[in-house]
Structures are given as C-alpha cells and as structure tokens.
Amino acid sequence: MPKVIGLTGGIASGKSTVSELLSVFGFKVVDADKAAREAVKKGSKGLAQVREVFGDEAIDENGEMNRRYMGDLVFNHPEKRLELNAIIHPIVRDIMEEEKQEYLKQGYNVIMDIPLLFENELENTVDEVWVVYTSESIQMDRLMQRNNLSLEDAKARVYSQISIDKKSRMADHVIDNLGDKLELKQNLERLLEEEGYIEKPNYGEED
C-alpha cells in the first residue's frame, strides 16, 4: 500500500535537494511552496482576496502578488501573517490533497514537501515525517549566501521557525545534511534501503 511521507526541515536545510533526489527514486512530490504560488497566481480568486484584505500595494505592476512587500509585511507583523494564511492555507490544502489523491490512485508513494509541517500541526495528516537536518550555523551561512541577507536577518528567519533540533526529535526519520551533496545522497539512499523503498545493491562474489 502506498505511503504518504511528510518531508520537512528548517529553512535552508537542503529539503529541496532531498525532494529532487526522492523524485529520481520514483516518489511523487507534492510541493507546498508550489501550491502556495498557484493559490495566488495572477487572475486567481486567492490573489483577489489578498488585494481586498491588504490593498493595492500587495499587487505589483504585472498584476501578480508583490512578494517583497508581502514578505516584509507578514514577517514584521505576525497578525498580518495570520490574515494571509487564512486566505492561502485552505486553497493550498485543496490543491495538495487533489494532487496527493491522484498519485495514490496510481499506486505511487507520495512525498508531501511542507516546510512548516510542524508549525502548522500537519504531522497527523501523513504516515511518517522525515526531517532534513543541518546545523543552525550552516542554515545561516546558506541563507546569507543564497538570499544575500545580513547575519541578523538570517538569524531572524531561522529563529522564526521551530528549531531544527526539536523537529528532528519529533520526526520518524532524520536525513543528515551536514556534509556535501554526495554525502546527502548516500544518507538518503541508506534510509530508503533500510525502509525497503529501494533494494540494497548486491555485489555478489567473484568466481
């Protein structure tokens, strides 16, 4: 019977890389970030609701959501984050549920790629939770390089989520991403072998 696995981690923990690798191994990935973008795409009901609640500043000159404006707004005003989530989350849930059910019907194991799985208390909607683990210092380094953030901004984003250590304690399985991409792939393969998703290589004996 196909399984539904929740994949999560801290910001800049390497979760996207793990998602890509899992799709190579035959899993179907349902991406919460992708669903969130679809929920407020140009011309959508979701975007119309955003404009109604947050005003014209929330929409850029191309008729799309002004992500920089909205990002700063919700990051600095928690009550605004709740208002935005109240618009987006129900739409995202519907998009993801439809995609998940379609894959399950086809017999695939499904990865629900959800960055804020624990924060939104969604762990009971999946069969297992896998956490991609790295250290907070690596998270901050990656954020500063990837997003061109100051150390203070990187810290603020890391600390706005449940800590990676706590998430790891709450997970069914932890995927170590303290090393490079090759080590990450090897760690993931080991987990997939142990859980029976892929076969262990049988090198046999030479004659």
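If you go along the chain as it appears here, the first residue is 1 and each next one adds 1.
Cβ atoms are placed via backbone N, Cα and C, with glycine included.
Database features, via Swiss-Prot:
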- ALA12, SER13, GLY14, LYS15, SER16, THR17: ATP binding site (BINDING)
- 4-203: domain 'DPCK' (DOMAIN)
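Location within the structure of each feature annotated in Swiss-Prot.
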{"residue": "ALA12", "record": "ATP binding site", "contacts (Cβ under 8 Å, 6+ apart)": "THR134, ILE138, GLN139, MET140, ARG142, LEU143, ARG146, VAL158"}
{"residue": "SER13", "record": "ATP binding site", "contacts (Cβ under 8 Å, 6+ apart)": "VAL132, TYR133, THR134, GLN139, ILE164, ASN177"}
{"residue": "GLY14", "record": "ATP binding site", "contacts (Cβ under 8 Å, 6+ apart)": "VAL132, THR134, ASN177, LEU184"}
{"residue": "LYS15", "record": "ATP binding site", "contacts (Cβ under 8 Å, 6+ apart)": "LEU7, THR8, GLY9, ASP113, PRO115, VAL132"}
{"residue": "SER16", "record": "ATP binding site", "contacts (Cβ under 8 Å, 6+ apart)": "ASP113"}
{"residue": "THR17", "record": "ATP binding site", "contacts (Cβ under 8 Å, 6+ apart)": "ASN177, LYS181, LEU184"}
Listed in sequence order, residues not in ALA12, SER13, GLY14, LYS15, SER16, THR17 with Cβ within 8 Å of the centre of the ATP site Cβ atoms: GLY9, VAL18, VAL132, THR134, ASN177
